[in-house]
Amino acid sequence: MVNPTVFFDITADDEPLGRVSFELFADKVPKTAENFRALSTGEKGFGYKGSSFHRIIPGFMCQGGDFTRHNGTGGRSIYGEKFEDENFILKHTGPGILSMANAGPNTNGSQFFICTAKTEWLDGKHVVFGKVKEGMNIVEAMERFGSRNGKTSKKITISDCGQL
């Protein structure tokens with residue numbers, strides 16, 4: 001089985017930054033990978049297109065995926081509002097790791113984060129389901145618009161997304 005690849009085209013205050021592509025580890029976490037893939041294509045009638053990265057902390061991560069409330073309190077999965085932690089096989093080994101944001105055990109929705117450093121303290125708490133394939137330089141550019149409290153100096157938006 002070939003793992004799916006999806007892409008995000010990123011803008012900062014409507015200025016194009018570029019494209020980030022992700023490999024989704026459907027071989028290890030099929031349910032979590034399928035949620036992210038379908039939210040990237042928008043095939044269920046809702047998803048990531050037009051949503052923003054509401055929290056970016058340089059040297060840590062870029063968080064997005066709240067397409068319902070746009071502030072980190074919302075989002076929904078393709079399985080209903082929330083779904084369970086599939087497994088913790090994969091670890092937060094360094095920059096480019098794609099992982100699910102949550103509000104505690106078994107509260108996965110649509111929010112996710114892209115690591116910009118090794119974040120091993122998140123192992124066993126957040127489900128890793130992918131990694132940046134191309135465009136880590138774009139993630140680094142996004143990081144420059146973040147701050148220590150996570151507030152962004154420009155609106156970092158997923159202007160387009162889909163499956164490659």
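Cβ from N, Cα, C; glycine included.
What Swiss-Prot records for this protein:
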CROSSLNK  Lys28  ubiquitin cross-link
CROSSLNK  Lys28  SUMO2 cross-link
CROSSLNK  Lys82  SUMO2 cross-link
DOMAIN    7-163  domain 'PPIase cyclophilin-type'
MOD_RES   Met1  N-acetylmethionine
MOD_RES   Val2  N-acetylvaline
MOD_RES   Ser77  phosphoserine
Local confidence of the domain 'PPIase cyclophilin-type' (7-163) - pLDDT mean: 98
What is the interatomic distance between the Cα atoms of Lys28 (ubiquitin cross-link) and Val2 (N-acetylvaline), given in whole Å? 12
To the nearest whole angstrom, state the Cα distance for the pair the residue listed as 'N-acetylvaline' and Lys82 (SUMO2 cross-link). 27
Compute the C-alpha separation of Lys82 (SUMO2 cross-link) from Met1 (N-acetylmethionine), stating it in Å without decimals. 27
Chain-internal residues, separated by at least six, CB under 8 A from Met1 (N-acetylmethionine): Ala26, Asp27
